[in-house]
Amino acid sequence: MQRRLSRRRVLAIAAVAAGLPLPGAAEEALDAPLVTWTGQVLGAVGSISLRHPDRAAAERIVAHSVAELHRLEALFSLYRPDSLLVELNRRGVLAAPPPEMRQILDAALRVASLTGGVFDPTVQPLWHLYRAHFTRSGADPAGPPAPAIAEALDRVGHRHLRVGPDAILFARRGMAVTLNGIAQGYITDRVVDLLRAEGIAHTLVDLGEARAFGTHSAARPWRVALEDPAAPEHPWKTLDLVDRALASSGDDGFVFDAEGRFTHLLDPRTALSPRLHRAVSVLAPEATTADALSTAFALMPEDAIASTLRGLPMVEAHLLRHDGSAAALRGG
């Protein structure tokens with residue numbers, strides 16, 4: 001599908017490059033060369049920037065990071081015909097899956113269980129249904145007919161996805177997996193792991209979802225502005241990040257229909273797009289968790305989000321309501 005480059009991303013990094021100090025920081029931090037990569041990661045804009053006293057070393061580290069994210073994208077993309085995810089969806093089974101595929105699907109299944117199935121990587125049949133319906137001439141604006149929805153829902157269900165060391169397989173015919181609600185976070189975490197292994201201690205990686213480790217070069221937290229999808233030039237909140245990840249979901253992403261009633265955020269239980277919040281941002285220790293939870297929380301009412309957070313002491317959800325008011329829910 002044609003996706004906005006920002007896809008589900010409704011966050012702006014106030015410090016525009018990793019290692020770049022905020023106003024008032026010591027000028028010495030600006031002396032180190034800045035090496036930056038900017039490009040697309042699973043359809044969203046991403047960037048990796050490093051300040052390093054050795055430019056050649058910084059360029060090597062960034063190149064290594066970019067190679068790794070492209071390697072992972074080749075596994076997880078729905079839009080590359082040679083990806084392993086496309087192969088799994090086409091055949092219904094993937095023999096001898098690489099550890100990264102098992103890890104990301106295991107993480108997806110954990111969040112599916114945690115959210116009562118609101119996050120579900122097997123929701124892809126619903127996406128196919130809505131795309132097919134609304135690309136037809138004269139499509140009913142009310143959406144696909146009830147029998148078609150029921151048939152698609154019968155092919156959705158994370159409990160029918162089997163993940164093992166020898167194979168990944170679908171227990172029902174016609175199933176399909178999407179990793180669009182978790183892959184950017186997972187790739188962000190893997191790049192952070194790589195940077196840490198290279199000895200980088202202070203940076204922010206923004207690959208559609210953001211993760212900070214350490215402080216910025218002025219020994220202050222990274223500052224992240226949360227944009228209002230209805231007024232992107234006016235952030236509705238600013239958060240400080242140190243050794244945490246941030247992921248956001250908004251109701252301004254891809255829509256199937258001209259009226260905007262059906263979005264990329266489809267509830268796998270009802271096949272509807274409830275649009276309960278204007279924007280949702282989740283803070284978590286890792287980007288994989290933040291990414292998946294922000295997707296799920298966009299489909300959950302506040303009381304259900306609060307209930308889910310009770311078992312997650314290191315996680316926060318920041319909600320922008322449709323009336324412009326905000327809520328901050330913290331795990332405990």
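Cβ atoms are placed via backbone N, Cα and C, with glycine included.
Where the annotation comes from TrEMBL, it is an automatic prediction and has not been curated.
Quick look at what TrEMBL lists:
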SIGNAL    1-26  signal peptide
BINDING   G181, D291, T295  Mg(2+) binding site
Legend entry - All-chain count of other Cβ atoms within 10 Å of D291 (Mg(2+) binding site): 34
Legend entry - G181 (Mg(2+) binding site), number of other Cβ atoms within 10 Å: 25
